[in-house]
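J.: Below you'll find the structure I mean.
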């Protein structure tokens with residue numbers, strides 16, 4: 001049987017101590033907030049309790065997607081090999097036009113100094129008109145020669161076909177009008193006027209050939225434009 005002392009009521013001191021202990025607040029348990037503690041262990045993927053000040057993982061999904069979008073929107077650089085190479089035959093025509101324009105200018109200007117006679121025609125307008133046409137042809141043909149070099153060894157694009165056709169048509173019309181007028185109204189027999197006519201007729205040959213070459217280039221440009229529209 002239990003002794004009578006087991007049924008004794010607790011002393012006032014012990015009762016007061018128990019009351020004080022019951023009123024104490026329990027401290028929250030501290031958790032390990034190191035997010036990398038279990039890295040490489042089977043508990044690495046298990047959720048852990050962390051506070052608002054715990055280190056947060058860096059989100060890389062959005063940045064990678066943004067990088068992909070940025071790289072996809074960058075314009076692709078055109079390599080020099082992808083550019084169309086200039087036509088050697090076309091630049092040969094331009095070189096011939098340059099030489100023939102210089103030839104016309106040289107023979108027409110050298111006729112009077114060589115023969116010692118002035119222009120034997122009543123009107124000199126057409127003669128000097130073709131002088132100006134020859135100078136324009138030299139400038140236009142020389143421009144194409146430089147354009148070929150820039151396209152061949154640089155990164156310059158070719159001229160627009162519409163502008164090319166208009167300029168060639170303009171030059172062909174200038175040459176055609178002047179040469180036809182000289183052939184019809186200002187004829188000169190070979191050896192006449194102390195060989196002045198020889199220089200004059202040679203200059204007409206250079207001018208007529210330039211007119212014919214511009215017609216050929218016009219046909220070339222027109223056919224090339226039709227083919228490019230069909231593609």
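Backbone N, Cα and C atoms are what each Cβ position is placed from, and that goes for glycine too.
Note: TrEMBL annotation is automatic and uncurated.
Here's the feature list from TrEMBL:
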- 1-15: compositional bias 'Low complexity' (COMPBIAS)
- 1-81: region 'Disordered' (REGION)
- 30-76: compositional bias 'Polar residues' (COMPBIAS)
- 90-217: domain 'MARVEL' (DOMAIN)
- 91-115: transmembrane segment (TRANSMEM)
- 127-150: transmembrane segment (TRANSMEM)
- 162-184: transmembrane segment (TRANSMEM)
- 204-223: transmembrane segment (TRANSMEM)
J.: Which of 91-115, 127-150, 204-223 has the most Cβ pairs closer than 8 Å to the transmembrane segment (162-184)?
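T.: When the Cβ pairs under 8 Å are tallied, 204-223 comes out ahead.
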J.: If we skip the immediate neighbours and take only residues 6+ beyond the ends of the transmembrane segment (91-115), which ones have a Cβ under 8 Å from one of its Cβ atoms?
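T.: Answer is 127, 130-131, 134-135, 137-138, 140-142, 144-145, 148, 193-196, 199-200, 202-203, 206-207, 209-210, 213-214, 216-217.
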J.: Using DSSP, how many residues of the domain 'MARVEL' (90-217) fall into helix, strand and coil, respectively?
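T.: Split by secondary structure, the domain 'MARVEL' (90-217) comes out as 106 helix, 0 strand, 22 coil.
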